[in-house]
Structures are given as C-alpha cells and as structure tokens.
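Beneath this line is the structure, given in structure tokens, with notes to follow.
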Amino acid sequence: MAAASSVLRCCLLVAALMTLSAMGAEAITRQYLFDVQTTSVTRLCSTKSIVTVNGQYPGPTLFAREGDHVEVTVVNHSPYNMSIHWHGIRQLLSGWADGPSYITQCPIQPGGSYVYRFTITGQRGTLWWHAHISWLRATVHGPMVILPPAGVGYPFPAPHEEVPIMFGEWWNNDTEAVISQALQTGGGPNISDAYTLNGLPGPLYNCSAQDTFKLKVKPGKTYMLRLINAALNDELFFSIANHTLTVVDVDALYVKPFTVDTLIIAPGQTSNVLLTAKPTYPGASYYMLARPYTTTQGTFDNTTVAGVLEYDDPCPTTAAGKIVPIFSPTLPQINDTNAVSNFTAKLRSLASAGYPAAVPQQVDHRFFFTVGLGTHPCAVNGTCQGPNGSRFAASINNVSFVLPATALLQSHFAGKSKGVYASNFPYYPLNPFNYTGTPPNNTNVMNGTKVLVLPYGANVELVMQDTSILGAESHPLHLHGFNFFVVGQGFGNFDPINDPAKFNLYDPVERNTVGVPAGGWVAIRFHADNPGVWFMHCHLEVHMSWGLKMAWLVLDGSRPDQKLPPPPLDLPKC
C-alpha cells in the first residue's frame with residue numbers, strides 16, 4: 001500500500017509538471033483549496049487522529065511558475081486554531097499572507113476560513129508550506145514546486161524526473177499534548193518515535209516495513225530530488241548507498257554545483273540535488289538513509305529513517321522471486337560538526353550573469369544577536385523539570401519572545417502598538433560575556449514582545465552568535481519575508497575586528513534558513529525592501545516554543561509601490 005502510494009505520488013508529480021509545461025509563458029492565477037481536517041493515520045502499528053490538509057500526510061504539493069499569482073483558500077474543519085506559512089516565499093507587499101499566528105495574522109478559528117493571496121516574484125525552486133501555530137506543523141505540511149517561467153530552463157542539464165523527498169518526524173502520541181506537557185512542567189518534551197521519508201518511517205523501525213518509500217529509477221537517467229526537512233526538532237544527515245548527490249540549489253536559490261556522498265539539511269531548509277543512476281542494471285537496491293546531527297546534551301531521537309532506491313529490471317521475468325542484495329550508506333557520527341562545516345563551506349551562489357548575487361556591499365545597520373538556551377525560575381512552591389529545578393527557556397539577546405494576544409502586523413498597520421509590542425529590541429547583548437566559554441552563573445532570561453524597527457531600503461548586517469549556556473548547539477534560524485546572504489561563519493566568539501575582513505562579498509550562498517554553528521557564529525546580510533512585520537526564529541520547534549524568536553518591523557518606503565497595502569477583508573480576527 002505504502003509503496004504503491006509512493007509510485008502514485010511520483011505519477012501525480014509528473015502529470016502536474018507536464019500540465020505546467022503545456023501552459024503558455026504568461027503568468028496565471030493558480031487556485032488551491034486546503035481543507036484542514038482530522039484524519040486517522042497508522043504508523044508503527046499505532047493508529048491516531050492527526051491534523052491534515054485534504055486528508056493527506058504529508059499534504060498536497062503546490063505547483064506554480066515564477067511570476068504566477070497563487071490563491072489558497074484554507075478552511076479549518078479541525079478543532080485547533082490554524083494558520084499556514086508559505087516557507088521561503090518573499091511575500092513582497094503581501095505580508096498579510098505570510099501566515100505566522102499572532103505575527104502577521106490572527107489564527108483561523110475552527111469553522112473559519114481565509115484566502116492566502118500572493119505573487120511569486122523572482123523565485124523558482126523547492127519551497128514548502130506548513131502550519132505556523134503550536135506544533136501542528138508536525139503533520140500539516142507539504143512541498144511547493146516553483147518552476148522557472150515557461151521556456152526558461154535550469155542552469156544545469158534537465159533531469160529525467162523530479163521527485164519531492166520530504167523528511168518528517170512522527171510521534172505515537174498527540175504532538176499538541178507533547179508540547180503542552182513540556183510547557184506545563186518546564187522540562188524538555190518527549191522525543192519523537194520515528195523520522196519519516198514522505199510520511200513513511202521505513203523498514204528499520206519495528207512494524208514499519210510496509211510503510212517504506214521506494215524510488216524507482218532507470219539505469220543511466222538523472223533524477224532531481226527536491227529535499228525538504230520538515231522535521232520538528234532535528235537536523236538530518238542524508239545519503240544514498242553507492243551513489244553521489246550533486247547539489248544545485250538550496251532554499252530555492254541556485255548554487256555552484258558540487259558533489260557529495262552525504263549532505264546536511266536543517267529543519268526549514270530545502271535543497272535540490274541531482275542523482276544519476278548507474279549506467280546498467282546493478283542487480284541490487286540501495287538504502288536512502290537520514291538520521292540526526294546534534295551536539296545537544298539532552299535526549300533526542302537517535303533513530304534512522306530509510307527509503308529504498310530500486311532499479312527497473314530489464315529482465316523482470318527471469319528475476320521473478322529472486323532476492324536482490326540491498327546496500328546501506330555510512331553516515332557521519334551523530335555529533336560530527338566537522339562534516340557539517342565541510343558541507344556548508346562548499347555552498348556558493350551561482351553568481352552568473354543570469355543569476356547574479358546582489359550582495360549588499362555597503363551596510364547601513366549592524367546588529368549582533370546571541371542565540372541560545374536559558375532558564376526561567378520555577379513558580380514559588382512549584383515543581384519544575386528544567387535545569388536545577390527551573391524551567392527551560394530560549395532567547396535572542398536574552399529576550400524570550402512572548403506572542404501577543406493580537407497580530408503584530410495588524411497592530412502596527414492600525415497604529416495601535418501600545419500594550420501589544422515594544423519597539424526596543426536590543427541591537428546587541430546588554431550584558432556581554434564569553435559566549436562560548438564557561439557560561440555565566442545566572443542563566444535566567446527576560447520575557448518580552450519586542451520588535452526591531454528598520455527603515456525601508458536599509459542594508460542590514462546581522463551576526464548571530466551561539467552560546468554555551470546549557471550546552472553549545474546548532475540553531476537553524478529562519479527569516480520571513482527575505483532571502484539573505486551568508487557572508488561569513490566560524491567557531492568560537494565572533495571577532496568584530498578581524499572576522500569581517502574574511503567575509504565573502506562576491507558569491508556567498510543565499511538562503512532563507514541558516515544554521516548558527518554549535519559553539520560558533522554566522523554573519524548574514526539582507527536588503528530590507530519589504531515593508532511589514534517579519535518573524536525570525538529558530539526552526540527547532542522546541543526552541544521556538546521556549547522563546548527563541550523575534551520580529552523585524554520594516555517601515556513603508558516613500559513610493560506607493562513601497563507601502564504595505566491594507567489588510568484583506570477576510571483576514572481572521574483574534
């Protein structure tokens with residue numbers, strides 16, 4: 001059943017791509033209906049009710065071309081508040097459609113609906129959509145395939161076939177109950193029971209062999225795998241036995257191609273990779289494996305998800321009943337930070353005439369953010385399960401973000417920020433310390449709903465520094481509303497005197513989600529040309545739940561095409 005469903009998905013993808021190819025060069029409006037509903041799903045011999053879109057897990061793939069206008073009507077038939085984020089879509093002048101609850105919109109209440117309207121401007125590649133409230137994105141997510149305009153090819157040889165590969169994370173228990181319990185006790189949440197590949201855990205888990213994704217390939221053909229990490233809390237190593245992968249795109253942005261045996265992909269990130277099948281039938285199958293990368297000192301899901309790469313047999317009748325061998329790749333160690341660093345160092349923008357790297361050469365505003373864990377004190381006479389009887393927290397510049405009761409963007413647009421948010425997010429740590437050395441004795445963080453205000457058109461440089469508080473850890477930071485250039489990164493404390501001289505301002509990789517290295521720092525630059533309120537947060541869901549998030553408020557520009565339009569009439573109310 002599961003193998004058949006994987007074949008059906010590939011057929012649907014091919015059919016959709018053929019339909020898009022047959023359409024003219026002019027941009028069109030593409031309309032989708034998302035029915036958010038509860039669905040019974042069985043994995044690991046355990047059946048539970050999950051929230052899905054259109055009864056599918058993972059959800060449906062959205063197809064569009066660069067320049068198209070997209071309208072997605074979301075009808076909420078689930079018992080939970082809901083909102084959908086179109087991860088990586090720039091949302092130029094359409095911030096009302098970005099999706100994070102209480103940032104750009106109030107959530108869609110049960111029984112309600114909302115139409116997300118946006119235009120895909122200057123983007124092509126693999127992105128994805130997901131719920132952006134609580135932990136509902138565990139099952140409410142799906143791919144977005146954005147093709148170049150009709151008649152425009154890829155800057156690499158066209159593949160024989162394109163296949164979305166979506167990594168996820170599965171709990172036998174209700175994920176809303178998992179995070180609710182963690183927030184009540186102040187401790188860490190229960191870890192997941194499995195990872196998934198296109199919704200299937202694969203044969204390495206008990207009672208799961210029937211739920212295995214299988215990719216059928218023809219000898220000598222090249223396939224483009226559209227990789228998406230939709231896992232909640234884990235970065236993943238990925239490899240296919242006895243095959244190499246050529247990376248051609250990350251976060252829907254072309255890169256200079258390079259070939260690897262293993263890649264790293266963090267939650268929120270996407271990557272297009274080319275897989276060239278062996279020239280002749282090998283008489284074997286090959287595992288596609290993914291397992292976590294982590295430097296955390298706490299518990300985590302140390303399991304491996306497997307799919308199977310199978311070759312079409314040119315002589316299936318003579319091979320009937322014959323069991324072919326299956327090979328497994330060797331993945332890096334769980335905590336192999338060097339493997340991660342070596343991979344990320346290879347990423348460079350294509351920086352060609354057709355796809356230039358518009359790196360801001362001059363900077364108007366510089367910021368320095370610490371990102372990491374911390375604590376809140378336990379309530380008087382309370383019992384908490386965090387470090388030393390405290391409650392786990394997380395922060396940026398020691399501010400643990402608290403979601404407001406109404407949406408920031410609505411409050412800003414109406415000029416009613418009082419009592420909703422403050423515009424004094426710190427530009428740098430108020431109490432500097434040796435960030436990657438011995439942590440301070442006081443690990444408490446402050447709560448706040450603070451934004452950082454930017455003038456329209458500002459060129460921004462931001463250095464994000466990991467801290468050793470409660471252990472050095474990699475943090476995948478996602479910025480809504482913008483792509484950014486990763487101009488530098490390193491280990492230890494950022495050196496503001498010497499490190500900027502090493503920045504790559506020629507062809508740095510451009511992304512929307514970047515890993516702040518464990519025990520290190522990363523520097524990014526972006527051009528603030530999109531008015532609105534834009535969320536920035538760790539894409540490890542547990543860290544975001546603990547407060548590792550903030551918001552940028554980009555003011556309107558002077559021209560009409562630099563001003564955020566009024567909200568749509570059907571925007572949900574709190």
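Positions of Cβ are set from backbone N, Cα and C atoms, glycine also.
According to Swiss-Prot, of the candidate residues Asn76, Asn242, the site noted as N-linked glycosylation site is Asn242. Among His527, His539, the residue that Swiss-Prot places alongside His87, His130 at the Cu cation 2 binding site is His539. Site annotation for Cu cation 3 in Swiss-Prot covers His480, His537, and the matching candidate from His69, His77, His132 is His132. For the Cu cation 4 site, Swiss-Prot gives Cys538, His543; the one candidate out of His412, His475 that the record lists there too is His475. According to DSSP, Asn388 (N-linked glycosylation site) is assigned to a helical segment.
Cα separation, Asn206 (N-linked glycosylation site) to His130 (Cu cation 2 binding site), rounded: 28 Å. The DSSP secondary structure for Asn206 (N-linked glycosylation site) is coil.
Neighbouring residues of the recorded Cu cation 2 site, listed in sequence order and excluding His87, His130, His539, comprise His85, Trp128, His132, Arg137, His141, Ala230, Pro267, Gly268, His478, Thr513 (Cβ within 8 Å of the Cβ centroid).
Least packed by the Cβ count within 10 Å, out of the glycosylation sites Asn242, Asn335, Asn381, Asn434, Asn447, is Asn381. In terms of DSSP helix, strand and coil, the domain 'Plastocyanin-like 3' (424-558) has 10 helix, 60 strand, 65 coil.
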